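Report on one structure; see the data block that follows.
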């Protein structure tokens, strides 16, 4: 990686220093305000522990939810500070605001190895506007900056980009470094054949990724609701399945581009249909050319699963972004679960590099209990997509060069 990393800073450079660390603690909470999945908090632990062990004073900046620039009591970081304290086995104090006298007093009074969490940076509208004055006030807490928030690295915000103008050095944390190594590596210098599995309900949200992957992949497998836009573009009847009518031409162009580039583009040959969008719907398997009027496709079929598994078995690097069907309904989760199991097996027994690129695929892999078996699980939804699209991430671009 061409960016300066935290690993290049040892105790002599960190001891007694106040280090502002941007983390991604945007975790899901239930109605009682309890954290239901602490993956993102755990992902930042190696960076935080490294700083503690090297006697730095750790000041964490994070956002939570979308408070739209106002204080929202339900979006305070209180449960996150509590969970982080449990994981670290030490008290993590929370400020009342991320900037201002109270927060500065707390950061100035830290001892070596202490950890302080600044209250939600998005309580200020200046955060998302990348306001330089606000960034300067955030930077006033610290001597140097670490960005470990891959999930927010595609945003040019005050806490991801603006602060780097005031803090030197500004370096990548261990999580950010690992994300770039796997995702950038898979795109720039993969072990081939390279396959991408792209799922999800809408072509529109994956256009950039599909277009970019066609320049880089040997095979692309498409699943999820977006397949019906491709079928409709081919002139097939798709019943009541989800279709983006304004993207038919685009679907045709993508298939055409794949042919021109010699990329093997695989779409399902059979699907699981439902008579309504419900976990208890009646279901049946159908070939794609015989989908009947009142039915809708909610998963890929058994024949397609086998074809996809055989295609993936020939690959050395696989990137997966987006589910194969409505995996939230058990009846329509078979396609997604089969792909997850296939990747876990290829990773474990055939040394295939498997990268789960953010969003719903991660949820599916976690739900199946297979996360540990994958080479890399990305913590960033939008950031993963933008990186796979070949875009520059502002939060990464702003860091010091190695």
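Every residue, even glycine, has its Cβ placed from backbone N, Cα and C.
Among the features that Swiss-Prot reports, substrate binding site is placed at 24, 25, 26, 40, 63, 64, 65, 66, 122, 155, with the record citing sequence analysis. Taken from Swiss-Prot, the feature ATP binding site applies to 206, 297, 328, 358, 359, 360, 361.
Annotated features, which come from Swiss-Prot, shown on the structure.
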residue : record                 : DSSP (3 states)
24      : substrate binding site : coil
63      : substrate binding site : coil
122     : substrate binding site : helix
206     : ATP binding site       : coil
297     : ATP binding site       : strand
328     : ATP binding site       : coil
359     : ATP binding site       : coil
Enumerate same-chain residues with a sequence separation of six or more from residue 122 (substrate binding site) and a Cβ-Cβ distance below 8 A; give 'none' if the list is empty.
63, 64, 65, 66, 67, 68, 69, 75, 128
What does the structure give for the C-alpha distance between residue 359 (ATP binding site) and residue 26 (substrate binding site)? Integer Å is fine.
13
Whole-number Å distance between the CA of residue 297 (ATP binding site) and the CA of residue 26 (substrate binding site)?
32
Quick one: of the binding-site residues 206, 328, 360, 361, which has its CA closest to the CA of residue 26 (substrate binding site)?
360
Work out how many Å separate residue 206 (ATP binding site) and residue 24 (substrate binding site) at their Cα atoms, rounded off.
23
Packing count at residue 24 (substrate binding site) (other Cβ atoms within 10 Å of its Cβ)
25
Cβ packing number for residue 26 (substrate binding site), 10 Å threshold
18
Select one residue from 328, 360: among these binding-site residues, choose the one with the most other Cβ atoms within 10 Å of its Cβ.
360
For the binding-site residues listed (63, 206), most other Cβ atoms within 10 Å of the Cβ sits at 63
I'd like the number of other C-beta atoms within 10 A of the C-beta of residue 297 (ATP binding site), please.
28
